[in-house]
Amino acid sequence: MSRVTLSRYLIEQTRSNNTPADLRFLIEVVARACKEISHAVSKGALGGVLGSMGTENVQGEVQKKLDVISNEILLEANEWGGHLAGMASEEMDNAYQIPGKYPKGAYLLVFDPLDGSSNIDINAPVGTIFSVLRCPNEYLSQNEALNEKAFLQPGTEQVAAGYAIYGPQTMLVLTLGDGVKGFTLDREMGSFVLTHEDITIPASTQEFAINMSNQRHWEEPVTRYVGELMAGEEGPLKKNFNMRWVAAMVADVHRILTRGGLFMYPRDSREPSKPGKLRLMYEANPMSFLVEQAGGASTDGHQRILDIQPEGLHQRVAVFLGSKEEVERVTAYHKK
């Protein structure tokens, strides 16, 4: 039986599920950009791409060389195809305007070009996270300047989301709103090949991911909940839990999509004005879309992530996502 490439899968989606052709082409362009980023990441010290730029992004984070390289790869790959009205990146202060010499399309692309970039220099997994939204009609005019408001749509408005993870294999994990598929990069073919047909997160789990070094800064519901996890069989949950932490959301969520688990990045007391560290538009929304499509759940401790109305491109949120039973439990603790 012939293998199903990403291109073939997308063509079949266009035929059977009426996936628009321009969305198909957009996903293929993003996938090609991810292959290029994968190649750059794999060079490491040989390609002179390790280390920092000595600059900070809008988040106040020091930019790694590969952050900037990955951002440029995605911009250059997607600006000319005629599928997009604009782009927004975690690495850029403002929305990216499609140059006037290129046609405008019907979609908006939002991305974190290299999630977990602190892992680059130690050769640990990193990835690219992306989300696709429809552009509001008032911004579709070729002459209409695009501003931040066009992007400020709740996660329920996403038409596609996914990530590429650059680890021992390069994988692209994708949802078009009809389940979650996983594609592995066959470097001999140069194509992403369908290897994970229907990714599903089990409802229960005995594994969680959180940065325990921040424990002293957590709110009481999180302290209580993690204490119960750590208490094991003798505690109120009556079972033992393992903890995992890769320090890259894309890697931790990939593990959860593969075998279940709970990912937590809660609000902490060090910066009370910021409701969390992770970005709603670039990280929380696309990952929440994927997790829900795989049968899991995702909240900020109080409400469903996908229902949050964004107020800014770089808005931050607390995140609890993964196996449904544990997400519901920790969310309930926040409401008591």
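Cβ atoms are placed via backbone N, Cα and C, with glycine included.
What Swiss-Prot records for this protein:
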BINDING   GLU90, ASP112, LEU114  Mg(2+) 1 binding site
BINDING   ASP112, ASP115, GLU283  Mg(2+) 2 binding site
BINDING   ASP115, GLY116, SER117, SER118, ASN211, LYS277  substrate binding site
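Feature map: Swiss-Prot annotations on the structure.
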| residue | record | CB count, 10 Å |
| --- | --- | --- |
| GLU90 | Mg(2+) 1 binding site | 23 |
| ASP112 | Mg(2+) 1 binding site | 29 |
| LEU114 | Mg(2+) 1 binding site | 31 |
| ASP115 | Mg(2+) 2 binding site | 29 |
| GLY116 | substrate binding site | 21 |
| SER117 | substrate binding site | 24 |
| SER118 | substrate binding site | 13 |
| ASN211 | substrate binding site | 13 |
| LYS277 | substrate binding site | 20 |
| GLU283 | Mg(2+) 2 binding site | 26 |
Rounded inter-Cα distance in Å - LEU114 (Mg(2+) 1 binding site), GLU283 (Mg(2+) 2 binding site): 11
Spatial separation of GLU283 (Mg(2+) 2 binding site) from LYS277 (substrate binding site) - C-alpha basis, Å: 10
Of the binding-site residues listed as GLU90, ASP112, GLY116, SER118, ASN211, the one whose CA lies nearest the CA of GLU283 (Mg(2+) 2 binding site): ASP112
Env. residues of Mg(2+) 2 site, Cβ within 8 Å of mean position of ASP112, ASP115, GLU283 Cβ: GLU90, PHE111, GLY116, GLY127, THR128, ILE129, TYR163, MET249, VAL250, LEU278, ARG279, TYR282, MET287
Cα distance (Å, whole number) from GLU90 (Mg(2+) 1 binding site) to GLY116 (substrate binding site): 12
Distance from SER118 (substrate binding site) back to ASP112 (Mg(2+) 1 binding site), taken between C-alpha atoms, in Å: 14
GLU283 (Mg(2+) 2 binding site) - helix vs strand vs coil (DSSP): helix
